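Q: I grabbed these lines from Swiss-Prot:
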DISULFID  25-75  disulfide bond
DISULFID  34-58  disulfide bond
DISULFID  50-71  disulfide bond
DOMAIN    25-75  domain 'BPTI/Kunitz inhibitor'
SIGNAL    1-20  signal peptide
C-alpha cells in the first residue's frame with residue numbers, strides 16, 4: 001500500500017511539473033520602442049494561442065519568438 005501511495009505522489013508531481021507553463025508566456029505582447037518591422041510570434045494568454053505580431057527591433061520582453069513552432073513549444 002505504501003508503494004502504491006508513493007507511485008501516486010510521484011506521478012502527481014510529474015504531471016504538475018509537465019503542465020506548468022513558463023512565466024514568459026504570461027507576459028503581454030510588447031512591440032518594442034524602435035521602428036523596424038520584424039515578423040515575430042507571442043503567446044496570447046487570453047486566447048491560449050501563439051499569434052503573429054510586428055516587433056520594432058528593440059525593447060519588448062521575452063514573450064517574443066522567431067517562429068510559431070518555437071512559441072508553441074515553449075507556451076502552448
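All positions are counted from 1 along the displayed chain.
The backbone N, Cα and C atoms fix where each Cβ goes, glycine too.
Predicted, not measured: the structure shown is a model, and the values here were computed from it.
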Q: Measuring Cα to Cα, tell me the gap between residue 50 (disulfide bond) and residue 75 (disulfide bond) in whole angstrom.
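A: Rounded to a whole number, the Cα-Cα distance is 8 Å.
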Q: With a 10 Å radius around each C-beta, find which of these disulfide-bonded residues (50, 58, 71) has the fewest other C-beta atoms nearby.
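A: Per-residue Cβ counts within 10 Å for the disulfide-bonded residues 50, 58, 71 bottom out at 58.
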Q: Taking only C-alpha atoms and a 10 A limit, tell me which of 34, 58, 71 are near residue 25 (disulfide bond). These are the disulfide-bonded residues.
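A: Final answer, ordered: 71.
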Q: In whole Å, how far is residue 34 (disulfide bond) from residue 75 (disulfide bond) when you measure between their Cα atoms?
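A: A Cα-Cα distance of 26 Å.
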Q: Which residues of the same chain, at least 6 positions away in sequence, have a Cβ lying under 8 Å from the Cβ of residue 34 (disulfide bond)?
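A: Counting only residues 6 or more apart in sequence, the Cβ neighbours of residue 34 (disulfide bond) under 8 Å are 56, 57, 58, 59.
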Q: Counting every protein chain present, what is the number of Cβ atoms, excluding its own, within 10 Å of the Cβ of residue 25 (disulfide bond)?
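A: Counting Cβ neighbours of residue 25 (disulfide bond) within 10 Å gives 18.
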Q: Tell me the coarse DSSP state (helix, strand, coil) of residue 34 (disulfide bond).
A: coil
Q: Where does residue 25 (disulfide bond) sit in the DSSP three-state scheme?
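A: Reduced to three states, the DSSP call for residue 25 (disulfide bond) is helix.
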Q: Mean pLDDT over the domain 'BPTI/Kunitz inhibitor' (25-75): what is the value?
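A: Here the predicted model's pLDDT, averaged over the domain 'BPTI/Kunitz inhibitor' (25-75), is 98.
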Q: For residue 58 (disulfide bond), just give me the three-state DSSP call.
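A: The three-state answer is coil.
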